[in-house]
Structure formats: C-alpha cells, structure tokens
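Taking it in order: structure first as structure tokens, then the write-up.
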Amino acid sequence: MSPGSDANAPAGGARTERGRTHRHKAARATRVGDGTYRAGFACFVGRPNAGKSTLTNAIIGQKIAITSNKPQTTRHVIRGVLHREDAQLVLVDTPGLHRPRTLLGERLNDLVRETWSEVDVIGVCFPADEPVGAGDRFISTEIAELKATVVAVVTKVDLVPPAVLAERLLAVSKLYDFADIVPVSAVSGHQVDTLVDVIVGHLPESPPLYPDDVLTEEPEQVLIGELIREAALEGVRDELPHSIAVLVDEMLVEGNLTKIYANVYVERSSQKSIVIGAGGARLKDVGIRARAEIEALLGRRVYLDLHVRIAKEWQRDPKQLRRLGF
Ligand SMILES: Nc1nc2c(ncn2[C@@H]2O[C@H](COP(=O)(O)OP(=O)(O)OP(=O)(O)O)[C@@H](O)[C@H]2O)c(=O)[nH]1
C-alpha cells in the first residue's frame with residue numbers, strides 16, 4: 001500500500017471495501033463532536049469465537065497478527081492504529097481471562113487484570129447467535145472491578161433475526177451496567193463505524209500516542225516498531241524488561257528499497273549502553289535481526305537506521321510513557 005492509495009479512495013467509502021476506505025470514511029465523516037482530540041487504547045475481550053479478531057480487522061482494515069514467541073514480554077500486542085481527525089484509537093490484544101481452577105490460574109488472572117487496567121476502553125463481545133452463558137457472566141463480574149470504560153458489543157448480528165437480537169441485548173444489559181451496548185456485524189460492516197464513534201467517545205483527551213505523518217495510517221509502522229523492540233530485547237530481557245519503546249520516525253520508499261528510520265527509547269543511559277553494546281556491536285546485531293523480520297513482513301528490501309535515545313529527551317509525560325509500556 002502506498003500513501004497515495006488512501007487519497008485515491010472513493011470519498012465516503014463502500015461497505016464492501018472496508019480497510020483503508022473505511023478509515024478514510026471515518027476520518028472525514030465522523031466526529032465525536034466536542035472538538036477535543038482523544039487518544040487511547042482499547043481492546044476486545046470475550047469468550048473464544050466471540051468475533052473479537054474479525055471485529056478488530058474490520059475496524060483497522062488489515063489482517064495483522066504479530067506473533068511473538070515470548071508474548072509475556074509485550075504487555076500489549078498492538079493490532080493496529082486508527083487515525084481520525086479528532087482521535088487516535090490503538091487497538092491491542094490482551095490475554096484472555098479464564099475461570100481459575102488453580103492458584104496459578106488465579107495468578108495469571110491477576111496479570112490479565114493488570115493488563116486490562118492499562119487500556120481505556122474494553123469492549124466485551126457477546127456473539128448474537130449464542131445465548132449469554134456462564135463464561136460471559138464471569139467476564140462481566142471481573143471487569144466490574146476495572147477503571148476502564150466497559151462497552152458491550154453484540155457481535156455477528158447478521159446471523160440472527162431481530163427478535164433474537166432483542167433478546168440478546170436484554171440479556172446482556174442485565175449482566176452489567178455497560179457504558180454502551182452496540183450491536184454490530186463485522187462481516188456486513190453494520191454499525192462498525194458507530195462502534196468506533198462510541199469507543200472514541202470514551203477515550204481520554206490526549207495528544208496522539210503515535211506519530212502522525214503521511215504514513216501513519218499504515219499499521220505496518222507499528223508492527224515494524226514491535227519487531228525492532230523484540231529484537232532489541234532479545235537476550236537482555238532480564239535487564240530491560242519493559243524499558244524499551246520503539247517509534248518509527250520515517251519510512252521512505254525508493255524503488256524496491258524501503259528506508260526505515262526508527263528511534264529506540266530507553267529510560268536511562270545505563271540502558272542505552274546495554275542496547276548499543278561494546279563498540280555498537282549489539283545494536284548492529286539488533287538491526288540485522290530486525291531488518292530480516294521487517295523484510296519478511298513487507299516483502300521488500302529494507303534499509304534500517306536505528307538510533308537509541310533516552311526517553312526524557314522525547315517525552316516527559318509519565319502517563320504517555322506508561323502507555324508505551326515503560
Ligand atoms: N456471520 C458472521 N460471522 C462472524 C462475524 N464476526 C466473526 N464471525 C465468524 O465467527 C468466527 C469467530 O470469529 P473470530 O473473530 O475468530 O473470533 P475470536 O473472538 O477472535 O475468537 P478466538 O480467537 O477464538 O478468541 C469466525 O468464523 C468468523 O468468521 C460476523 O459479524 N458475522
């Protein structure tokens with residue numbers, strides 16, 4: 001995808017062409033309306049098969065999945081960033097909560113709650129074609145404890161007649177005092193824009209969390225940042241568990257070569273030395289490994305320019321830093 005493709009998308013978009021067209025439409029046509037810029041994180045939770053991934057893809061418009069062999073090192077796996085004139089919505093994957101049967105299960109659930117507590121909005125998904133069950137009730141009691149705004153999403157509404165949908169909406173409304181209940185179909189596109197509006201409306205007032213240049217509509221940049229972060233943490237996870245954030249500054253396409261300029265942010269100068277290594281050897285190695293992964297992702301040759309910086313130079317707001325996983 002080139003930056004030009006968005007400019008060429010038909011104004012207003014088409015239901016059958018979600019994805020970039022969908023974003024284009026969102027950027028033009030929808031506003032929460034109070035003139036404030038909002039940015040934040042949201043995730044979809046719910047029992048298996050509830051339609052979480054399909055919904056995420058319908059909103060972001062690309063099939064993306066970052067697979068990490070050590071997922072516990074990344075608190076959030078970013079699935080994509082939706083940019084609008086008035087907002088930036090970062091959709092993340094969070095681990096699922098299960099009914100605990102063991103102490104380990106309980107500890108894992110504590111971790112999940114901690115992760116959930118870092119997002120601004122949680123969308124609990126209930127598939128319209130299945131009755132509300134014990135798993136849904138369990139999730140709903142757990143989220144009651146969190147500070148995030150909790151929205152119910154009744155998914156797959158294209159699969160049921162209106163009377164069944166009405167029944168589900170009623171059952172869901174009895175589970176918990178949700179901030180909103182939105183019926184959607186990720187497959188037909190029904191109400192996907194409305195859901196985005198509702199979520200954005202619950203995000204905090206905040207400047208954009210990710211850079212807003214011409215290419216930022218590409219979730220690729222975020223994925224690339226994650227790949228670099230993974231490579232930079234390899235072998236030094238004990239020393240720098242959550243102390244690295246990566247932001248891709250610029251991507252330039254020159255023929256079949258993509259030049260990527262990225263900054264690796266650390267908290268302290270001692271961490272900077274760890275990432276760079278003796279005589280720059282480690283950073284060079286990080287660059288080689290990250291480049292191979294990025295080339296596999298993009299299917300193009302890549303030139304990768306990495307700079308290690310101390311976060312204070314870049315962003316002093318502790319809240320923003322926390323949001324990036326510091
Ligand atoms: N008809 C219809 N099918 C849908 C819709 N959304 C999802 N599905 C289907 O439901 C199934 C499950 O969807 P996923 O998005 O994988 O569900 P998930 O919640 O991410 O599932 P897990 O990864 O198991 O937790 C898939 O076969 C989807 O194609 C929808 O809006 N309408």
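Note: Cβ is positioned from N, Cα and C throughout, glycine not excepted.
In TrEMBL, the region 'G2' annotation falls on 72-76 of the listed ranges 67-71, 72-76, 217-221.
Within the listed segments 93-96, 269-272, 317-320, TrEMBL records region 'G3' for the stretch 93-96. For the ranges 139-142, 155-158, 203-206, 291-294, the feature annotated in TrEMBL as region 'G4' maps to 155-158. In three-state terms derived from DSSP, Gly46 (GTP binding site) belongs to neither a helical nor a strand segment and is classed as coil. Cβ neighbours of Asn49 (GTP binding site) (same chain, under 8 Å, six or more residues apart in sequence): Pro127. The domain 'KH type-2' (236-312): residue composition by secondary structure is 31 helix, 30 strand, 16 coil, according to DSSP.
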